[in-house]
Amino acid sequence: MQTTPSIDPTLEWFLSHCHIHKYPSKSTLIHAGEKAETLYYLIKGSVAVLVKDEDGKEMILTYLSQGDFFGEAGLFEEGQLRSAWIKAKSPCEIAEISYKKFRQLIQVNPDILMHLSAQLARRLQNTSRQVSNLAFLDVTGRIAQTLLNLAKMPEAMTHPDGMQIKITRQEIGQMVGCSRETVGRILKMLEDQHLISAHGKTIVVYGTR
């Protein structure tokens, strides 16, 4: 069951200086190619970070959930353009603040920059693991690893047999770089091995908590 963690005093202070907005599921929050001027903080919900090729085919790079910053690239180098699309995976409540105002807050309380920096370091580690998985794991391994990662996210729900997640076969394919049909075949194989159960968008990953 998803819970809302108690908020850190520094983050609470930071949020008091932000504009808070709510977005419905499937809303596009950031468009690739637009000028980067705003930092975002996810209070509730989850978003997908994705890129598109010239034909409009999407690849999901990662999911972000409550407590995550995003849109930070232009904070450190002016004139940056957004490099990825951000879309709401579920209804979201998001704090938004201009880079200019955030830089002013850093002067008052540098701890907020440490929060952001710690997240960026963890995200870099996750990206390194993702690149390694793409290079060294076959598609079955990539899908299995993706399911394990999703089972650890805040929106995963406890289930008597493990953790329950909601994701489509198309979304899994966009994350690991394969077709929806391939995902379906591998999920069936994982079911036959009694590692998961999959019914529509609902997947239970056994033995995870």
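Note that Cβ sites are derived from N, Cα and C of the backbone, with glycine treated the same way.
Copied from Swiss-Prot, the annotated features are:
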DNA_BIND  179-185  DNA-binding region
BINDING   Ala135, Phe136, Gln170, Glu171, Ile172, Gly173, Gln174, Met175, Val176, Gly177, Cys178, Ser179, Arg180  3',5'-cyclic AMP 2 binding site
REGION    52-58  region 'Activating region 3 (AR3)'
REGION    153-162  region 'Activating region 1 (AR1)'
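Packing against the region 'Activating region 1 (AR1)' (153-162) from elsewhere in the chain are residues 1-3, 46, 63, 65-67, 90, 197, 204-209: each is 6 or more residues past its ends and has a CB under 8 Å from a CB in it. Averaged across the region 'Activating region 1 (AR1)' (153-162), pLDDT in this predicted model comes to 90. Around the Cβ of Val176 (3',5'-cyclic AMP 2 binding site), the number of neighbouring Cβ atoms within 10 Å comes to 24. Taking each Cβ in turn and tallying the other Cβ atoms within 10 Å, the top scorer among the binding-site residues Ala135, Ile172, Cys178 is Ile172. Around Arg180 (3',5'-cyclic AMP 2 binding site), taking its Cβ as the centre, 13 other Cβ atoms fall within 10 Å, counting all chains. Gln174 (3',5'-cyclic AMP 2 binding site) is surrounded by 20 other CB atoms, counting those within 10 A of its CB over all protein chains shown. Over all protein chains present, the Cβ of Gln170 (3',5'-cyclic AMP 2 binding site) has 13 other Cβ atoms lying within 10 Å.
DSSP classifies Ala135 (3',5'-cyclic AMP 2 binding site) as helix under the three-state reduction. Whole-number maximum of the Cα to Cα distances across the 3',5'-cyclic AMP 2-binding residues Ala135, Phe136, Gln170, Glu171, Ile172, Gly173, Gln174, Met175, Val176, Gly177, Cys178, Ser179, Arg180: 22 angstrom. When secondary structure is read from DSSP and collapsed to three states, Cys178 (3',5'-cyclic AMP 2 binding site) falls in the coil class.
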